[in-house]
Amino acid sequence: MSKEISIGLLGSGTVGTGVVRVLKENADDIAKKVGGRIAIKKILVRDISKKREYLEDIQLTDNADDILNDPEIDIVVELLGGQHPAREYMLKAMENGKHVVTANKDVVAQFGHDLFDMAEAKGVDFKFEASVGGGIPIITPLKECLTGNRISEIMGIVNGTTNYMLTKMTEDGSDYASILKEAQAMGYAEANPAADVEGWDAARKAVILASIGFNTRINLEQVSVEGITHIEPADINYANELGYVIKLLAVAKDYGEKGVNVRVHPVFLPSSHPLAAVKDVFNAIFLRGNAIGDAMFYGRGAGSLPTASAVVADIIGEARNIVSDVHSVIGCTCYNSRAFCPIEETESSYYVRLHVDDEPGVLGSIATAFGESGVSLKSVIQTRKVGVHAEIVAVTHVVQHRNLQKAADVLQGLKVVDSIRSIIRVEEN
Ligand SMILES: NC(=O)c1ccc[n+]([C@@H]2O[C@H](COP(=O)([O-])OP(=O)(O)OC[C@H]3O[C@@H](n4cnc5c(N)ncnc54)[C@H](OP(=O)(O)O)[C@@H]3O)[C@@H](O)[C@H]2O)c1
């Protein structure tokens, strides 16, 4: 076991510190698994004067070139976050012949192709297991264990903040604003929560999952993104009454000749669906393959040690390659060029909640508006008064999104309709 593999970390915050801990605490086992020891040679941070637990015996630097240009470093592990300079540092590391491991979904979703191109040109490896689902293994399973399948559908709860918030709204009956404050106080939501609550964090992960699952390059700009900011306690209650729970899902579906569609939005999920049981900050990815059938991957989608688990697995995989003097045979897997199915052509059943004038004949005009737009209704319930208005909830049969939008436009124009409070897709088992 004479070989030593040198790594350099870019960043030692939440994940970086976890990576150092796992590599140190499991060092003897890891060395046996690899056939050589993994040594952390240097770590890049912004502030080298800051006191840091677990890092006392490791050289810190605030100059990225100390790592990127160090000929002794075999693997660069990028854990800075954000797009820049993370992207440029990874490209430079590859240019200098180093393998790269990252947890950075922002860079992988937006610039994955640049990084794969550079990795191929330089004969190095690029790994990013931790970029989706934190500690949950999903990139390697998709690329390796499930590669014999044709994947038709991926649905993921891939954002812990919003899953925590929706769980609390469901269990405590609280409204969005107060749960957001609670999530911020507990450190589950950032001071600026936009990326989480507006669905963009999930969208980046959806891009990565769909690109690998469908073997075709998906761009973030193609993805329809809707967050949870408009979900009201009334929606949570109706979901519950009708036998569903509301979850924010990253959805990637194969529509055959129409292409593939990727989107993020809240969904009414049947309470019996495996994803409905995924609560709090937990994440899960549910997928359907033509050989395996349904499968679900569940676990902690964030956190220092869970995320480090995935990063360290990538480091170990690469270290094994170095010891055996081989490099990964699986690079970019986007060998297809699938069309993107526009959101208007996707189909779903929908829940629509309206506030309308409380007078005779209103239900009839609403049913006509739906019918004339090509939307057939499965059920309509008028349950309560909200101020001077009546609240109506309609659940549609499976219809094209385009028709549902048409119906919403017509309804919005009706004199008897005060407001459309919510439109949420309904997923059936
Ligand atoms: N946190 C999670 O649970 C989680 C889960 C999955 C994936 N990820 C991904 O993992 C990556 C790291 O996340 P994190 O939560 O560990 O971030 P973090 O706690 O903010 O840590 C970032 C680290 O990078 C350093 N840094 C940032 N910009 C720098 C720059 N321009 N030059 C030098 N050093 C710089 C910081 O230095 P200082 O220490 O001096 O400030 C810090 O050590 C991100 O891509 C994130 O999306 C995180």
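Numbering starts at 1 and runs along the chain as displayed.
Even glycines carry a Cβ here, placed using N, Cα and C.
So that you can see what the record holds, here are the features copied from TrEMBL:
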- Leu10, Gly11, Ser12, Gly13, Thr14, Val15, Gly16, Thr17: NADP(+) binding site (BINDING)
- Lys105: NADPH binding site (BINDING)
- Glu190: L-homoserine binding site (BINDING)
- Lys205: active site, proton donor (ACT_SITE)
- 351-428: domain 'ACT' (DOMAIN)
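Annotated features taken from TrEMBL, shown on the structure.
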{"residue": "Leu10", "record": "NADP(+) binding site", "DSSP (3 states)": "strand"}
{"residue": "Val15", "record": "NADP(+) binding site", "DSSP (3 states)": "helix"}
{"residue": "Lys105", "record": "NADPH binding site", "DSSP (3 states)": "helix"}
{"residue": "Glu190", "record": "L-homoserine binding site", "DSSP (3 states)": "coil"}
{"residue": "Lys205", "record": "active site, proton donor", "DSSP (3 states)": "helix"}
Checklist outcome for this item: Smallest number of other CB atoms within 10 Å: among the binding-site residues Ser12, Thr14, that is Thr14
Checklist entry - For Leu10 (NADP(+) binding site), which residues of its chain lie six or more apart in sequence with Cβ-Cβ distance below 8 Å? => result Ile43, Leu44, Ala64, Ile67, Val76, Val77, Glu78, Leu79, Leu80, Ala86, Tyr89
Item to check | By Cα-Cα distance, the member of recorded positions Lys105, Glu190, Lys205 nearest Gly11 (NADP(+) binding site) | outcome: Lys105
Checklist entry - Around the NADP(+) site recorded as Leu10, Gly11, Ser12, Gly13, Thr14, Val15, Gly16, Thr17, what other same-chain residues have a C-beta within 8 angstroms of the site's C-beta center? => result Leu9, Gly18, Val19, Leu79, Leu80
Next on the checklist: Across the domain 'ACT' (351-428), what are the DSSP residue counts per state (helix, strand, coil)?
Outcome noted: 24 helix, 37 strand, 17 coil
Next on the checklist: List, in residue order, those recorded positions out of Leu10, Thr17, Glu190, Lys205 with a Cβ under 6 Å from any atom belonging to ligand 1.
Outcome noted: none
Checklist entry - How many Å separate the Cα atoms of Gly13 (NADP(+) binding site) and the residue listed as 'active site, proton donor'? => result 21
Checklist outcome for this item: Among the binding-site residues listed as Gly16, Thr17, Glu190, the Cα nearest the Cα of Lys205 (active site, proton donor) belongs to Glu190
Checklist entry - Just the number: how many Å between the Cα atoms of Thr14 (NADP(+) binding site) and the residue listed as 'L-homoserine binding site'? => result 14
Checklist entry - Other than its own, how many Cβ atoms are within 10 Å of the Cβ belonging to Val15 (NADP(+) binding site)? => result 27
Checklist entry - Rounded to an integer, what is the Cα-Cα distance in Å between Gly16 (NADP(+) binding site) and Lys105 (NADPH binding site)? => result 15
Checklist entry - Quick one: Cα separation, Ser12 (NADP(+) binding site) versus Lys105 (NADPH binding site), in Å? => result 17
Checklist entry - Looking only at Cβ atoms, how many others are within 10 Å of the one on Thr17 (NADP(+) binding site)? => result 21
Checklist entry - Which whole-number value in Å describes the distance between the Cα atoms of Thr17 (NADP(+) binding site) and the residue listed as 'NADPH binding site'? => result 19
